[in-house]
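According to TrEMBL, the features are:
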- B:97-138: repeat 'WD' (REPEAT)
- B:187-228: repeat 'WD' (REPEAT)
- B:229-272: repeat 'WD' (REPEAT)
- B:273-314: repeat 'WD' (REPEAT)
- B:324-358: repeat 'WD' (REPEAT)
- B:359-391: repeat 'WD' (REPEAT)
């Protein structure tokens, strides 16, 4: 393989890299103070419906053992 | 290079990964053959173009870093200071699923919140009822190391694959005696091992990732390749689809330490993150779709914010030195569960960045971890041949 062909492959690869970087550079970005606030807000909003955080009663969680019955 | 170049690279180091290949080597310089005058000018032109492109790529890279740094005005845990802390967590193993004859490599929940599919090194794929621990179906694959498995949204089929380089779909029959292997449908074909697979919103399409460095979207019925995703420089180890409300994107992680976000329709990589120091074994979207978490062999989990286009949190401790194999969020996104190679599960407070709990139980590496669809429990699979349900 001649060095010309090797170089033209490098050119193609680097061109692809440059195109990709251009796409990424053109992206609209938002400050972390705003986006982080949204993440926190989402957690807080859905906190009550998260069984692993609020814990649900053993009777409604199919995986938790039900309390044993006592026969009187 | 043959695809089995590193298959017996048994180093017994902390990172035992027999099929992982090193990143592709840089271009080699070849012996120059005698140049004609035309070739000489051509070569000079190419070298000039190459030099220009390289300068441009360097400029773009620093510009990207600058832009990302500008937005780094605060840390996530600072924004979360006012959020109340989480209490004590008591999570225990509630069910142990025994039946695999070798390392469990992957598992997935059915949308009915009770069935689970799991796959193992011995080639077996088993469908379980997690409530009763009964096995409902079992299939023996023609290959060992079934590294990927997924449940179809309808609950009527499962997909799996591994060293056979394929992803096959098995329709699940109500008749327990029916031979599932007879109805098997080969959907995806890669040129190296299948590392992960996932159905999209329907039973009709499957997304796969492979040791050949690519991801691909396939039509299940025809087996046709609908879109391929090129950009990783080494094996792709994991993928996750964005929650359906947020549109047609997915994230992938690989041995090149990169996590890439892709547009499913165009095949374009729209964002790329490279802050991990080693292979990324697992990626999972935050429930809102605005962020994703990753777990890596560098013993850390990280959170990447898609709108700020940067890493916003690292979940690590000096005492944790073993790699993370698998991560998943609780329903609200407040908890991040990580399965580690030191046999434990660490539970992290996503907002505050602290560890909330550490869970013991498995007797070997935790290789896979998924929270159930309704968030009531999570399941782990391990090299100790078992799966455990925790709640």
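Note: Cβ is positioned from N, Cα and C throughout, glycine not excepted.
When Cβ-Cβ distances below 8 Å are used as the criterion, the repeat 'WD' (B:359-391) is approached by residues 91-98, 100-111, 113, 116, 118, 120, 128, 130, 282, 325-332, 337-347 of the same chain, each at least six residues removed from its ends. The repeat 'WD' (B:324-358) shares more Cβ pairs under 8 Å with B:273-314 than with any other stretch in the list B:97-138, B:187-228, B:229-272, B:273-314. Residues 3, 19-21, 24, 106, 145, 147-154, 156-157, 159-169, 234-241, 244, 250, 252, 254, 262, 264-265, 267 of the same chain lie 6+ residues outside the repeat 'WD' (B:187-228) yet bring a C-beta within less than 8 angstroms of a C-beta in it.
Within its own chain, the repeat 'WD' (B:97-138) has Cβ neighbours under 8 Å at 144-151, 153, 155, 158, 160, 162, 170, 172-173, 176, 180, 196, 364, 367-368, 370, 372-374, 376-377, 379, 381-383, 385-389, counting only residues six or more beyond its boundaries.
Mean per-residue pLDDT, taken over the repeat 'WD' (B:97-138), amounts to 96. Across the repeat 'WD' (B:273-314), the DSSP tally of helix, strand and coil residues reads 0 helix, 23 strand, 19 coil. Broken down with DSSP, the repeat 'WD' (B:187-228) shows 0 helix, 25 strand, 17 coil.
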